[in-house]
Amino acid sequence: MSSPAKGGGAPEEDLGARGEGVVEQGGRGTWRDAAFHVATTIATPAAYAPLPFAVASLGWPLGVCSLVIGTLVTWCSSLVVASLWQWNGEKHTSYRLLAKSIFGPWGYWYVSLFQQVASVGNNIAIQIAAGSSLKAVYKHYYTADDGAMTLQQFILLFGAFELLLSQLPDIHSLRWVNAICTASTIGFAGTTIGVTIYDGYRIDRKEVSYHLQGNTATKICRAFNALGTIAFSFGDAMLPEIQMRSSVREPVRSNMYKGVSAAYTIIVVSYWTLAFSGYWAFGSQVQPYILSSLTAPRWAIVMANLFAVIQIAGCFQIYCRPTFAHFEERVQAKNRSCRSSCLWRLMYTSAYMAAITLVCAAMPFFGDFVSICGAVGFTPLDFVLPALALLKTSKLPGNLGLQYAVKVPSSTVAVLFSIIGALACIGAIRSIALDVKTYKFFHDM
């Protein structure tokens, strides 16, 4: 066990800190590997799928503005975090250690808390999405009602597969999986966009409405929910971990800049196209999971669902690693044998997968978990903290005008997105409360 820091704070040692020796020996990953990991982490089907619904909940003007602002802020935030890789002369190999170095012990615990919320919440949402996609493929080939498999059974199958992948030691060992997942991301986006536009032309355009649905309270809460959904869609709460565990080679900062920018090129083209085409095609009636709105051609919808499952398989692994890191740190501190370490790994990964799968099966409310995860998990880490870190670490120029040019935008982002996160959380909690009243636990959605 690592000893507490002096002054009552974070542990002095972290799994990432012990990984510094690996990095110093020479990284293996290229900027392309970093791009694969970043794209796989952010651009999941669970991130794509609710965007048309989010735009529909805000309307055209506010929806477009929110999506563009979310893209620009998170891209800049990712570059800021990547630039702090060797801040203050130290290599910061986890987001927690970076925050501790900048803000002190409270930064360590701040990131630890919200990173766990983001990781667990994200994996609940994407496992529900994977189960829904598997069920959609199954129903394409099995149309009878008697003896049909339920959503909960598909969630269980996906959980068992993830338990197998969880036995791989680190993110770098998943690099080929994530390369396949990145290709699946492009396949999912291309197929879904194509089918969405195809369906849009088949539908009688006079029947498509773009008016916001519900009474005033419903409209306001759906708008709050949508802001949380957009935050979720751009969530990337583990960039330093990707830098370390994908072992990005020198120059690390330059390679991460390239990797982040390449990943965002894919993300921008696909996110914006799907969000706007989905809202255009189905209007206010678009479903929270866009694949549920598609009708034809059936073979293309099956392809899109299969791409979704493949991509989610890789993304799930990246987001479960921070939780596993807490257990691995303690196992390694006790210098256990390889066989004993593998047994412990099987035990804690099994416990994690059992807990996540149980929640997914009991409350398969995809849209609600996406929104609350974006509000409570990703907003503090991907919007607020990078802006504060920039203010804390920047060497401001002597010119007063240039100082304001750095301070005002950073402060505005930190304050504005703190408010947005709180509002989105309110909207998400209301939606979960309504769904729990409407549906029974373990409802086959």
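Don't overthink the numbers, they just go from 1 along the chain as shown.
A Cβ is built for glycine as well, from the same backbone N, Cα and C atoms used for every other residue.
In TrEMBL, the annotation transmembrane segment applies to 106-128, one of the ranges 37-59, 106-128. Same-chain residues lying 6 or more positions outside the transmembrane segment (260-282) and placing a CB less than 8 Å from one of its CB atoms are 31-32, 34-35, 38-39, 42-43, 47-48, 51-56, 60, 63-64, 67, 71, 75, 78-79, 82, 182, 185-186, 189-190, 192-193, 196-197, 199-200, 203, 208, 210, 233-234, 239, 290, 293. In this chain, the transmembrane segment (106-128) lies close to the transmembrane segment (148-165): three or more C-beta pairs between them fall below 8 angstroms, excluding pairs fewer than 6 positions apart. Within the chain, the transmembrane segment (412-433) has long-range Cβ neighbours (under 8 A, six or more residues past its boundaries) at 73, 220-225, 227-228, 231, 363, 365, 367-368, 371-372, 374-376, 379-380, 383-384, 387-388, 391. Tallying C-beta pairs under 8 angstroms between the transmembrane segment (302-321) and each of 60-85, 148-165, 177-197, 342-363, 369-391 places 177-197 first.
Highest Cβ pair count under 8 Å relative to the transmembrane segment (369-391), across stretches 60-85, 177-197, 342-363: 60-85.
Distant neighbours of the transmembrane segment (177-197): 35-37, 39-40, 43-45, 48, 52, 165, 266, 270, 273-274, 277-278, 281-282, 290-291, 293-294, 296-297, 300-301, 303-304, 307-308, 310-311, 313-315, 317-318; these residues of the same chain sit at least 6 beyond its ends, with a Cβ under 8 Å from one of its Cβ atoms.
Through the fold, the transmembrane segment (342-363) approaches residues 120, 123-124, 127-128, 131, 151-152, 155-156, 159-160, 162-163, 166-167, 320, 323-324, 327-328, 331, 336, 369, 432, 435-436, 441-442 of its own chain, all at least 6 residues removed from its boundaries and within a Cβ separation under 8 Å.
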